Amino acid sequence: MSGKNRLIFSKTISFAGTTLFNSILSIWIIEVFNSSKILGNINGYVGIAAIICNLLGGIFADSRYLMNLLLISDGVACLICFFVVGMGLVDDLLWIYILVFILNANSYLSSPLFKTLVHYVVRKDEIVKYNTNLSFLVQLITVLFPPVSTTLYAVKLLSMNNVVVLNGLSYLLSFLVLLSFLRKKDSGKGKISFNYLTAINYLKSDSEMFVLVVTGGLLNAFLAGFNIYVPIFTTKIINNVAIYGYIMTLEAFGGILGIISMKYVKMLNSILLERYLFIISSCLLILLSYYGNLLVIALFTIILTFCLARYNITVQSVIQQDVPQKIIGRIFSLFFLIVNIGSTMGSFIFGYLFSLNNNKPLLLVATGFVVIDLLWIFISRKI
């Protein structure tokens, strides 16, 4: 298996375990603890893990310890899964917080590390193709896993214990595949540097990328509100937990459409098409706030993830192609830092705003989408 394929396999197998875990976690929280506040806290702790680990990931991604940290990260995630199940701690809220924090620390720590490793393993002229192929596999997993897992959970054939064990096995497989990269001599030669000033100055010098990253962070703050609402909608409003998996499948379907569209509709750095679609989809959110309709939430989900898929591929490809090798890890780290600060703030805020039978915070989510995208459109014309 080539280095590129091993990299894809490692990333997709760990993502498969994470997808299985996340597809059950939200509805399990609402069912067991009956609290949108706890769900908001869970998502908020995910964001805190993301903020801390993206900074560390950016530092180590540009150092010779890149591969060592990836292996340690997968190893710790694997062990905590087996520990929580083995000690019978799955139903303990404190240990759920710890488990969620560590597993997402793995995810966000490895993100800039993986993306930097691509720079060493994949040829520059193949990077866009690599990102497209990886995104397609990720979306395919997102299509297949959630509906199957939530259906099995709904009929009591899959428990939270099973999910945590399977997630631990996925990290173990990823760990074993990554061992093959350990002897690569050209991956991560630099010393550890805690200086982000060069990366910040680079980001500030590219005004279009800077605005793109900042508005991405703001959008994620309001997107967090929608992510909290969906499990509440399926579990408490329509009383069908299996539907949550199908909504996640629609997310993947929209993402796949976005990926396929990259071949036919060229992505511009201004991303104006996606911004207009965000504004249009916000009208559906306003409708959803008054009428809890499954068709409306399905249409919004598809449009939203279509735009996000195109946005993510473009930003990642631009960074991997244009940013100097010595700071690429820290640029990715800053990008994800801003995005996750927005997501963390949104998770805590909307966790408190939502009650189990109150849709009105969706109006705030819709307003946020419209204002941010109109602001982006205005600024992009001035650049």
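Any Cβ shown, glycine's included, is placed from N, Cα and C.
Bear in mind that TrEMBL entries carry predicted annotations, made automatically and left uncurated.
Copied over from TrEMBL, here are the features:
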TRANSMEM  12-30  transmembrane segment
TRANSMEM  42-61  transmembrane segment
TRANSMEM  68-88  transmembrane segment
TRANSMEM  94-114  transmembrane segment
TRANSMEM  134-155  transmembrane segment
TRANSMEM  161-182  transmembrane segment
TRANSMEM  209-229  transmembrane segment
TRANSMEM  241-260  transmembrane segment
TRANSMEM  272-288  transmembrane segment
TRANSMEM  294-313  transmembrane segment
TRANSMEM  334-355  transmembrane segment
TRANSMEM  361-379  transmembrane segment
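Long-range contacts of the transmembrane segment (294-313) within its own chain (CB-CB distance under 8 A, at least 6 residues past either end) are made by residues 128, 131-132, 135, 139, 216, 223, 226, 230, 233, 238, 243, 247, 250-259, 261-262, 267, 271, 274, 277-278, 280-281, 284-285, 287-288.
If one looks beyond the transmembrane segment (134-155) by at least 6 residues along the same chain, the residues whose Cβ comes under 8 Å of a Cβ in the stretch are 8, 11-12, 15-16, 19-20, 23-24, 27-28, 163, 240-249, 251-253, 255-256, 259, 309, 312-313. The largest share of C-beta pairs under 8 angstroms with the transmembrane segment (94-114) comes from 12-30, of the ranges 12-30, 161-182, 209-229, 334-355.
By the Cβ criterion (under 8 Å, sequence separation of 6 or more), the transmembrane segment (209-229) is not in contact with the transmembrane segment (68-88), since fewer than 3 such pairs are found.
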